[in-house]
Amino acid sequence: MAAKPVPEAEGATPPRHVAIIMDGNGRWAKKRFLPRIAGHKQGVEAVRRISRAARTLGIEVLTLYAFSSENWRRPEEEVRDLMGLLRHFLASELDELVSEGVKLRVIGAWRKLSPDLVAMIEGAMARTANNPGPTLVIALNYGAQAELADAARALAEKARAGEIDPASIDEAAFEAALDTGDLPPLDLLIRTSGEQRLSNFLLWQAAYAEFLFVDTLWPDFDEKALAAALDQYGRRQRRFGGL
Ligand code: IPE
Ligand code: IPE
Ligand code: MG
C-alpha cells in the first residue's frame, strides 16, 4: 500500500485546531453548595475567556463541545437552563465575534433545537460567514456516531442518484461529508474535569489528535491553563505512524 505523506512530523508547530470537552460545571457548583445552573453560568464565562485566549494564542479553529446528543437525558429543568444560557451567549457575544472577525460555526443536529434557537444560530452564522477567521465551532446536540451515520447516508443517497461512484468513496470523500469536512485536522483534544473518555465527540476527527486530560473543572479553566495545554502539546512528538 502506498505510504501516506507524514504531515508535520516535527511536532513543535502550534496546533491549528483545538477541541475541548468542557466538563465539570456540575461538580464546580456542587463543591460550593450551589445549584448546577450556577456551574453552567460560570462555564459560559470560561467559554468567553477561552475563546478570546485561543485567538490571542493564534489557534485557527477552536471547537467546543457544548451539548451532546446524550445530554437530553438530563432533567428537563437543566436542559431548559442550558438552552437559556445558549440563547444568552449567542445574543451577548455576537457583536464581539463580528468585530473580532471570528467565523462562527455550529456542528451537530442543531436544526432539531427549538425554532427560535435555530433562527438565532442561522442569523449568527450568516453574520459571521464572511469573516476572515479564526473559527469558533460550537458542537450543539452533537453526537459523533450520528455525524458518521449522516455522512454515510448522504454518500449513499448520492450514489443512488448516480452522482458519485461508490468506488470513489475513500477517506477523503468520507471526511468531506462530515460536519467538519472543511476544517483543518484536529490537532489537540482537551477534556477537563478528570474524566478520560470521548463521550461521543469527534470520533473520526480524533484519529490522530493528541489527547490531554486535565483535572481542572471547566469553570476554572483559564488562559494559563490553555497556554499550559499548548505547551504540553508542543512537547509531544507526533509520528503519524512514521518514525
Ligand atoms: C459540562 O459540565 C457541561 C455540559 C455537559 C453541558 P457537566 O454538567 O457535565 O458537569 P459535571 O460533569 O456534572 O460536573
Ligand atoms: C460531555 O460531557 C458533553 C459535553 C461536555 C457537552 P458529559 O458530562 O455529558 O459526559 P459524560 O456523561 O460524563 O460522558
Ligand atoms: Mg459532565
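Here the Cβ of each residue, glycine as well, is placed from N, Cα and C on the backbone.
According to TrEMBL, the feature Mg(2+) binding site maps to D23, E210. Per TrEMBL, active site is recorded for D23. The substrate binding site feature in TrEMBL is assigned to 24-28, R36, H40, 68-70, W72, R74, R191, 197-199. Marked as active site, proton acceptor by TrEMBL: N71.
Checking the binding-site residues D23, S69, L198 against ligand 3, the ones with a C-beta less than 6 Å from an atom of that molecule are D23. The recorded positions near ligand 2, defined by a Cβ under 6 Å from one of its atoms, are D23, N71, chosen from D23, W28, H40, N71, R191.
Only G24, of the binding-site residues G24, S69, R191, L198, place a Cβ under 6 Å from an atom of ligand 1.
If you measure from the Cα atom of N71 (active site, proton acceptor) to that of D23 (Mg(2+) binding site), you get 12 Å. According to DSSP, S69 (substrate binding site) is assigned to coil rather than to any helix or strand. When the CA atoms are compared, the binding-site residues lying within 10 A of D23 (Mg(2+) binding site) are R191, out of the candidates S69, W72, R191, L198.
G26 (substrate binding site) sits 26 Å from E210 (Mg(2+) binding site), taking the CA atoms of both as reference points.
Note: G24 (substrate binding site) has non-local neighbours G39, T192, S193, G194, T216, L217, W218, P219, i.e. same-chain residues 6+ apart with C-beta under 8 A of its own C-beta.
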